[in-house]
Amino acid sequence: DVVETQEHYKSRWRSIWIMYLTMFLSSVGFSIVIMSVWPYLQKIDPTADASFLGWIIASYSIGQMVASPLFGLWSNYRPRREPLVVSTAISVAANCLYAYVHVPHSHNKYYMLTARALVGFGAGNVAVVRSYIAGATSLTERTSAMANTSACQAVGFILGPVFQTCFTLIGEEGVTWKLVDLQLNMYTAPVLFGALLGFINIILIFAIFRERRVDDMGRQCTSINFEGEESSVLDQDAEGNIDHVAVVAINVLFFVILFVFAVFETIATPLTMDMYSWTRKEAVFYNGIILSVVGVESVIVFMVVKTLSKKTGERAILHGGLLIVLVGFFILLPWGKKLPNIQWLEIKNNSIPRTVSTEMLMPFWNWQAVPPPSNHTVEPVGCPVTQSWCLNTPMIYLAQYISSDVLIGLGYPVCNVMSYTLYSKILGPKPQGVYMGWLTASGSGARILGPVFVSQIYTHLGPRWAFSLICGIVVLSLLLLEIVYKRLIAFSVRYGRMQE
């Protein structure tokens, strides 16, 4: 171990910034098409239904879940540039495939499914990014670097739909380049833009990224990965066993954190349509605004938590974040007596809509009753009578919903950053690629199971059961955190090489 040179310091942070960019592009790759997948799917393959859309959305997380441990393992034994370049190239190729899924004469929906799964597979490089940042930062730098990484990820999720909105100006038809059979329209332009960003990312990885490592105290170390003349032999500070109980506990806690946030994202649109009689367009518009505000709130929290953790420590902040999430879902429980509006029912013989309740379609800020419209093409709104709980479950007031959004938007980023930070500190100087791969995979699994869970419980049993079960899951995670609290310490602290 030697004192870090100025040249090593600058090179190390340039490489970390390239990792921030990679994380940003990974999240943009997911969110840049999320609003247009359904209309594009309907356009290229009329045989596709809403259930197949669910598989296409889930395929990204499935691909990432499979790839994360593989890329993580690769990064443990080879220079990280290799899995980074290969994964980014897979994402670029997958985006190009997505732009051409209209070309085949049949089975177009399966080509789209393949394209999104490969984009997710390429996003498995998140494990490599996190493991590099963990090894390239000292303990005092770690929380700030992990917060910046999560902030870049959040900004990517926010800006992806913004880019998509800008490309809608091209229109559905757009222009056609017959020579290469390319249709440049509002559906294909975003993914081609994503492919361009990925190509630029590959160039920057080759030009700027270098393997750099420091120990927990910030001293320059040889890389634990193979690169040129550098040794792959671990230094003496790596001696000792990882606390696998703490590792498993963080994986479980991270699964719960991603699970409840996936539930929150999934339930937003159907919940507001049922409770406030919003149309599909209103629900997408209002919830889009709310989620954008929550995204901005998350970025601010990422920045604040860097300073706060220096005073209180990561464990206490993780505990507080889980408590805030618990309160956020507890507020969503139906408490009042007022029932939601019941959706229009179609009379089979003449298709004239009628109502079950006296409260009819109005904007959410005006609850006065109106008579049934004479135009039967009006979109049915309100809580569908096919959901039997609509007839006896009190509505969730708008103030409850907004308050819950604010609290979950505060608690989730806190838990996210602290999970990654604690995890990397527990692992210490050991190669972290595979471990980070498992953590990313657990998060991907949560994003797959969360929507399935909430859609089934909410549809059949209603919000009271859905949110009560979520509260129960968060309470159990808090109990787990209490049990392992004293074990969630840095590797160097555990073996007495540093003071906590």
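Residue numbers in this text run from 1 along the chain shown.
Backbone N, Cα and C define each Cβ position, glycine as well.
Here's what TrEMBL has on this protein:
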- 15-489: domain 'Major facilitator superfamily (MFS) profile' (DOMAIN)
- 17-40: transmembrane segment (TRANSMEM)
- 52-72: transmembrane segment (TRANSMEM)
- 84-101: transmembrane segment (TRANSMEM)
- 113-133: transmembrane segment (TRANSMEM)
- 154-171: transmembrane segment (TRANSMEM)
- 191-209: transmembrane segment (TRANSMEM)
- 245-264: transmembrane segment (TRANSMEM)
- 284-305: transmembrane segment (TRANSMEM)
- 317-336: transmembrane segment (TRANSMEM)
- 401-423: transmembrane segment (TRANSMEM)
- 435-459: transmembrane segment (TRANSMEM)
- 465-485: transmembrane segment (TRANSMEM)
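Stretch with the largest number of CB pairs closer than 8 A to the transmembrane segment (317-336), among 17-40, 84-101, 113-133, 284-305, 465-485: 465-485. Comparison of 17-40, 113-133, 154-171, 284-305, 465-485 by number of C-beta pairs under 8 angstroms to the transmembrane segment (401-423) places 284-305 first. In this chain, the transmembrane segment (465-485) lies close to the transmembrane segment (245-264): three or more C-beta pairs between them fall below 8 angstroms, excluding pairs fewer than 6 positions apart. Relative to the transmembrane segment (284-305), the listed stretch 154-171 leads the set 17-40, 84-101, 113-133, 154-171, 435-459 in CB pairs under 8 A. Across all of the domain 'Major facilitator superfamily (MFS) profile' (15-489), the predicted model scores a mean pLDDT of 81.
Of the two recorded stretches, the transmembrane segment (435-459) lies close to the transmembrane segment (52-72), with three or more CB pairs under 8 Å once pairs fewer than 6 apart in sequence are set aside. Against the transmembrane segment (113-133), the recorded stretches 17-40, 52-72, 84-101, 154-171 differ in Cβ pairs under 8 Å, and the greatest number is found for 52-72. Among residues of the same chain six or more beyond the transmembrane segment (17-40), those with a C-beta under 8 A of the stretch's C-beta atoms are 50, 53, 56-57, 60, 84, 88, 91, 95, 98, 112, 116, 119-120, 122-123, 125-126, 129, 132-133, 148-149, 152-161, 163-165, 186-187, 190-191, 193-194, 197-198, 201, 204-205, 208-209, 284. Among residues of the same chain six or more beyond the transmembrane segment (84-101), those with a C-beta under 8 A of the stretch's C-beta atoms are 22, 25-26, 29, 33, 44, 67, 71, 108, 111-112, 114-116, 118-119, 121-125, 128-129, 181-183, 188, 191-192, 194-195, 198-199, 201-202, 205-206, 209.
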